[in-house]
Amino acid sequence: MKALWVALVVTLLAGCRAEVEPEPEPEVQLGQEQPEWQGSQPWELALGRLWDYLRWVQTLSDQVQEELLSTQVTQELTALMEETMKEVKAYKAELEEQLSPVAQETRARLSKELQAAQARLGTDMEDLRSRLAHYRNEVQAMLGQTTDELRNRLASHLRKLRKRLLRDAEDLQKRLAVYRAGAVEGAERSVSALRERLGPLVEQGRLGTATTSTLGSQPLRERAEAWGQKLRGRLEAVGARAQDRLDKMREQLEEVRAKVEEQASQMRLQAETFQARLKGWFQPLVEDLQRQWAGLVEKVQQLAVGTTPTPAASKNQ
């Protein structure tokens, strides 16, 4: 498996680093059939639907030409292209999750190469859509004139674009296969590492089982008595510690209660002393105020009696 993985990576890198100018694509005869697209992954099935629709467009039948004058063909192709690229991204994300155990450098390089192949496929689709839109504009501009030359030129462009689309799709398919091979190898490596980690634990479990079997050969009554004595000793020790703690807590509570009563008595005496002191301060002042008030009332009464006129004096006046 590792040898296959290395061979695939070397082949892929050699194809990426080659800087040879692409050869001109040979003209395909009108009656010559191009190879079919095959695949079982969701993105391959989506691309197959796009491939079949493009083959129907390439026939340039009367129905195709009629729909080319509208936007229906462009809309259908756009929907199929978006579906294909969506499935490619989903499949790539799934492989990236499986590729996590592989080295970071290798994973980054493969991801970059895969993105480049994916971008080329998207460019081919965009060129195809632009070519059809350009043809529609040219036909609409030549209404009432013969369009045989435009149709033949479109057929030639479609054959070339379809061939380039197939080439880039196969390239993407190969890179995804390399990506998947790396994911499988990473998964196998993770399983091996997990097996190495679990090996000592399994051995310890086996030894523990053997020890338990040896202990099981002893008489059950002896083991029960030994466990009972240990449990009794532990319970007695716990009870003794609990009793000591209760005695200490009782003593502490008595000390706290005595201190509280003492402080309460001191506060009561201080309050009584302060009350008596306040009374001694204010009692003379209150008595003096009472005397002054009584004298003031008496003077007011005398003034009132002295200023009241007699009846005879009032009459003479």
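Note: Cβ is positioned from N, Cα and C throughout, glycine not excepted.
Mean pLDDT for the repeat '4' (145-166) in this predicted model: 81. Taken from Swiss-Prot, the feature repeat '4' covers 145-166.
Sequence annotations record features per position, and here Swiss-Prot assigns region 'LDL and other lipoprotein receptors binding' to 157-167 based on similarity to another entry.
As annotated by Swiss-Prot, repeat '5' applies to 167-188.
Positions annotated as repeat '6' by Swiss-Prot: 189-210.
Positions annotated as O-linked glycosylation site by Swiss-Prot: THR211 (among others).
Among the features that Swiss-Prot reports, repeat '7' is placed at 211-232.
The repeat '8' annotation in Swiss-Prot covers 233-254.
Annotation source Swiss-Prot lists O-linked glycosylation site at THR310 (among others), citing similarity to another entry.
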Counts by DSSP class (helix H/G/I, strand E/B, coil) across the repeat '4' (145-166): 19 helix, 0 strand, 3 coil
